[in-house]
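Per Swiss-Prot, the features are:
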- 18: phosphothreonine (MOD_RES)
- 33: phosphoserine (MOD_RES)
- 46: phosphoserine (MOD_RES)
- 48-97: region 'Disordered' (REGION)
- 55: phosphothreonine (MOD_RES)
- 102-292: DNA-binding region (DNA_BIND)
- 113-236: region 'Required for interaction with FBXO42' (REGION)
- 176, 179, 238, 242: Zn(2+) binding site (BINDING)
- 183: phosphoserine (MOD_RES)
- 269: phosphoserine (MOD_RES)
- 283-325: region 'Disordered' (REGION)
- 284: phosphothreonine (MOD_RES)
- 300-393: region 'Interaction with CARM1' (REGION)
- 305: N6-acetyllysine (MOD_RES)
- 352-393: region 'Disordered' (REGION)
- 370: N6,N6-dimethyllysine (MOD_RES)
- 373: N6-acetyllysine (MOD_RES)
- 382: N6-acetyllysine (MOD_RES)
- 382: N6,N6-dimethyllysine (MOD_RES)
């Protein structure tokens, strides 16, 4: 059966158009061309045209048109440069070192301390030999103020801590970071201050703007009736061994008497150690101080050799004790005890005779005792004989 031939006059449906017909529908300057089209070139502005367009004043007809245009985009701000890391915090250095020299002044200002021992239970003790106070953390440390005459009205007493060693004197003494964060403030003292005053509402805590040093100031009060001195109770709020704080560096407390204008009237100082067992530490340091303070032989001026001791003998000569020439009679019960005491006495007599300490009168007596000893020992002596065997010659 033959298939019916298609009529050429009948157009195929749209989906059946050929590729050539679709290609003819594309524009001549298509996007696949490797060269930019002329229309795109017309839209591009040269740098000269752009500068001229920006410098020309808009005409009356173009002004409304430009106002209707959208505002230009604001330039994107440049990314901020990262800030340099902050330097590590360091201890502030003071521009001056307070003097620690004792100055009694015209008012005879001096310090006093209560007498206390070296027991383990003591919380604060003072060593006169070392001029040093040993105390526990945040415990009461009474300091007595003595004067010969009353200072002028408005006088003040200032307490300041400095490091004792010269290589640390310029550093400001302050608490360690751990104790600064502790909630032990009384509402008056800044957390970084080491020294506080106990039981005085008129206390002032000062931070010097020039030297950055911390100090605590209280008004001077004359002694009460029946008392010869004024007592101030101080507290030390950080241990001497705290890392980040004093760090085992010795400190001095300087107490100054000032007038209302800040002029110095008197000065005194003492060393302080804040520790867990003040009595034990004081006893140890005093023993070491006494060992170091033993008298040594001084060298003559201009001599480079070590001075020899006056006594050149290698060993000290024993002191001769006078012997007692009296004789005593001792009654002893029992033969065994008598023999034991007699042998002990003979041994002592023999020792004295060998050392040459026995007087001449007692030597005859000792020889008589030796003869008696020989007789007594022969009584109990057993003679040993060699047994002759068959092989002996």
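Residue positions begin at 1 at the first shown residue.
Cβ atoms here come from the backbone N, Cα and C positions, even for glycine.
Residue 183 (phosphoserine) sits 13 Å from residue 238 (Zn(2+) binding site), counting Cα to Cα. In sequence order, 237, 238, 242, 245 are the residues of the chain that are 6 or more apart from residue 179 (Zn(2+) binding site) and have a CB within less than 8 Å of its CB. Summary: among the modified residues (183, 269, 284), the fewest other C-beta atoms within 10 A of the C-beta are counted at 183. DSSP assigns residue 269 (phosphoserine) to a strand in the three-state reduction. If you take the Cα of residue 269 (phosphoserine) and the Cα of residue 176 (Zn(2+) binding site), they are about 23 angstrom apart, rounded to a whole number. Between the candidate binding-site residues, 238, 242, the densest Cβ environment within 10 Å is the one around 238. Within the same chain, residues at least six positions away from residue 176 (Zn(2+) binding site) with a Cβ under 8 Å of its Cβ are 238, 242, 243, 244, 245, 246. Across the region 'Required for interaction with FBXO42' (113-236), DSSP assigns 7 helix, 43 strand, 74 coil. Highlighted in sequence order, 175, 177, 178, 180, 237, 239, 244, 245, 246 have their Cβ within 8 Å of the centre of the Cβ atoms of 176, 179, 238, 242, the residues recorded for Zn(2+), and are not part of that set.
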